[in-house]
Amino acid sequence: MVPGLALWLPSGYSWGALLLLLCSLVGVHQWWRRPLGMASGTTWALAGSFALIGLVWMLDVDGPGGLRNLDRAAKYVVALPCLFYLLACPPRVRSLWWGMTIGAMGSGLLALYQTGVLGMERAGGFSNAIQYGNLSLALGLMCALVWCALGANLGRWQAMALAVATALGLLGSLLSMSRGGWLALGLSLPLWGWLLWRWAYRPMLLRAAALGTLGLLVALVLQGPQLYQRWVEARTETQNYLAHDQANSSVGQRLDHWRLAWAMGWDRPWTGWGRAGYTAEKQQRVAAGQAHPSVLAFDHGHNEFLDLWAKRGLPGVLALLLLYAVPAAIFWPTRARLRSATGPTDRTTLALRLTGLALPVLYCGFGLTQAFLKHNSGNMFYLFMLILIFTSLQARQAQRQAPL
């Protein structure tokens, strides 16, 4: 349900998470003793990364809203019992694949409906265009990775479904016109190309590349003028900011936010300014002419890393890096992790590792141009997709008696 309903229902990413939380509370007797005693070091590392960034988010009580700002930290707290519950009752891998497939298909079809029928300029689902487009891209890429990794192990209908889901997921991103997602995908493509060429079923990889090329050509035909306009706008706004310091544009405002957050972080590198202090200090610096007034419209730095650098200093940045680095290290595919003592590469294990790796890699890219974890959808999707994939992988590795 987490990936399957994520984007094409209002708060779809929350329904599966809520059901999972209820199951973990009702079935507490199944996991309270058993998994806590049997949990691997990687499980504790993942749980620790959740807890650490959760502590950072708890500091948001210093900002406007007070205790209501604990909402984000609470998500990381409730994720922990869900993690240990799924260690005892892991999800079926096949269900996980179909959830991703349905989720990517739903996001692309909703984007087509919003732009083609409702006449919306940018598809935004039931959130904003940036969050929607980036999560649609994530689902599409994950379907592509599963498709390439499983290769000939897939049935004909499942392979076709994954191919269609890949195309629709990426189409949802294109129709959202979210340039930050395209940047994240472009930066990560060499990594996926190398990993798939090394480990995946190569004929399937070539088919995926052909499908991707065809999809890009179709997108250029259908949305070529709009995509070109977005590219021209980004280039022009960047040039205007660098040459004339014009920050009253989408790109210019981001660049001004980055410059301001970078400078503020260096003034308080160990503690940061805090949420309230960030807003107050930003107002003072704008009044002093050190930043454009347009930055006052936002309470974040339009960059996940710089935002934490300004508000929480180096400890906050390190906590964020661990939130991404720990899962990346856990899911990274190696020969020992993909093969049993005597057997060949396990395709299901490869697919789980690649989809799990996709989350921190893409989120790093998303965070370059957007405070992605400021939004409910960004946190819920990351947390619960990681938990689902990780527990599925651990069950698979235990079955094969391979190292995690």
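Every residue gets a Cβ built from N, Cα and C, even glycine.
TrEMBL assigns the feature transmembrane segment to residues 12-32, out of the candidate ranges 12-32, 243-263. When Cβ distances are compared across the two stretches, the transmembrane segment (354-373) makes no contact with the transmembrane segment (44-61), since fewer than 3 pairs at least 6 residues apart fall below 8 angstroms. When each of 44-61, 96-117, 129-150 is checked for Cβ pairs under 8 Å to the transmembrane segment (73-89), 44-61 comes out on top.
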